[in-house]
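J.: Here's a structure for you.
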Amino acid sequence: MATVEEVLTSWGAVYVALFLPAILMLANFVFGRCFVSEALSRAQHAPQSVHTRSRIVGRAHVAVVALSFAWQFYVVMFVARLHVVGGSDNVHACNPAFFVWDVVDSLPWEGSARTDLLLQCSASDIAYLTSVTLFAILYASCVFSVPQLSHSEPVPKEAAAETIVAVSHCRKCGADIFQMDHHCYFICNCVGKRNWLTFILCLIAGVVNLSYLLCNYLVWVLTEGDALTNLGALLVVVCDVFLVALLCFQVLLWRRGWSTKEFLKVRSRDNESVYRSARRLLF
């Protein structure tokens with residue numbers, strides 16, 4: 001009984017009480033019919049209350065990325081920066097999470113929130129917070145962007161002469177896309193003319209954010225990190241390499257004036273090897 005009482009009254013129980021609803025909400029977003037999921041389908045002119053395999057996989061990717069943002073912020077702002085050269089020696093300094101907690105925990109008009117601590121930022125803190133904020137905003141912009149066309153929406157004038165070519169139907173989204181490039185599971189959305197630039201900016205922000213993490217904190221992870229932190233660093237390396245490759249691929253396609261869909265269609269039609277496809281793309 002003493003052990004059960006200690007568990008129920010420990011900080012672990014508090015953390016479970018705080019984060020379990022969030023985890024359940026993410027699960028409902030992926031598998032259920034929550035407000036956000038249904039509103040997103042409605043805004044993107046996709047069928048509502050439909051749980052196809054591609055939609056579940058896409059929403060699962062979004063949930064995992066959202067959790068990775070939270071985990072990255074916790075590791076950097078609460079742990080790693082206290083142990084690296086140029087970092088802060090005070091976990092409360094330049095920490096938006098602590099500032100928000102102070103505001104919520106006290107009456108705003110009492111002025112007990114420590115604004116001075118929020119402004120005690122080193123160059124490393126500013127660089128990290130800027131990179132992760134831009135990455136998160138651009139990622140959310142890609143997820144909630146609407147490259148789809150509604151059934152009542154007229155085709156843009158520039159595509160009027162080539163309507164069949166300009167508008168494609170995405171079976172994964174269940175909607176029509178103007179100048180579709182590809183369907184991206186990581187944003188659970190299609191990439192078309194309307195959101196292509198946002199997608200490219202998101203890739204750039206992601207490469208900057210993850211590369212900064214590796215340059216600034218990889219040595220600390222390898223020397224002082226535990227098994228979970230080492231696993232997180234490995235995922236950062238893999239994701240950074242993937243984003244760099246995807247960004248280079250998109251830039252090369254843009255240079256050639258091709259879309260991902262056109263490139264893959266030609267590769268499939270001609271039964272090209274990876275070497276021939278890479279050579280055609282580069283030269």
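Every residue, even glycine, has its Cβ placed from backbone N, Cα and C.
Source: prediction; values computed, not measured.
Dumping what TrEMBL says about this protein:
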type	residues	note
TRANSMEM	12-36	transmembrane segment
TRANSMEM	56-80	transmembrane segment
TRANSMEM	126-147	transmembrane segment
DOMAIN	167-264	domain 'Palmitoyltransferase DHHC'
TRANSMEM	196-219	transmembrane segment
TRANSMEM	231-254	transmembrane segment
J.: Could you tell me the mean pLDDT the prediction assigns to the domain 'Palmitoyltransferase DHHC' (167-264)?
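T.: Looking only at the domain 'Palmitoyltransferase DHHC' (167-264), pLDDT averages out to 90.
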J.: Need a quick answer: max count of Cβ pairs under 8 Å to the transmembrane segment (12-36), which of 56-80, 126-147, 196-219, 231-254 is it?
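T.: Stretch with maximum Cβ contacts: 56-80.
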J.: Sequence-remote contacts (6 or more beyond its ends) of the transmembrane segment (231-254), Cβ cut-off under 8 Å?
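T.: Contacts of the transmembrane segment (231-254) (Cβ under 8 Å, skipping residues fewer than 6 from its ends): 68, 71-72, 75, 199-200, 203-204, 206-207, 210-211, 213-214, 217-218, 221-222, 225, 260, 263, 281-282.
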J.: Going by DSSP assignments with H, G and I as helix and E and B as strand, what are the residue counts for the domain 'Palmitoyltransferase DHHC' (167-264)?
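T.: Tallied per class, the domain 'Palmitoyltransferase DHHC' (167-264) gives 64 helix, 14 strand, 20 coil.
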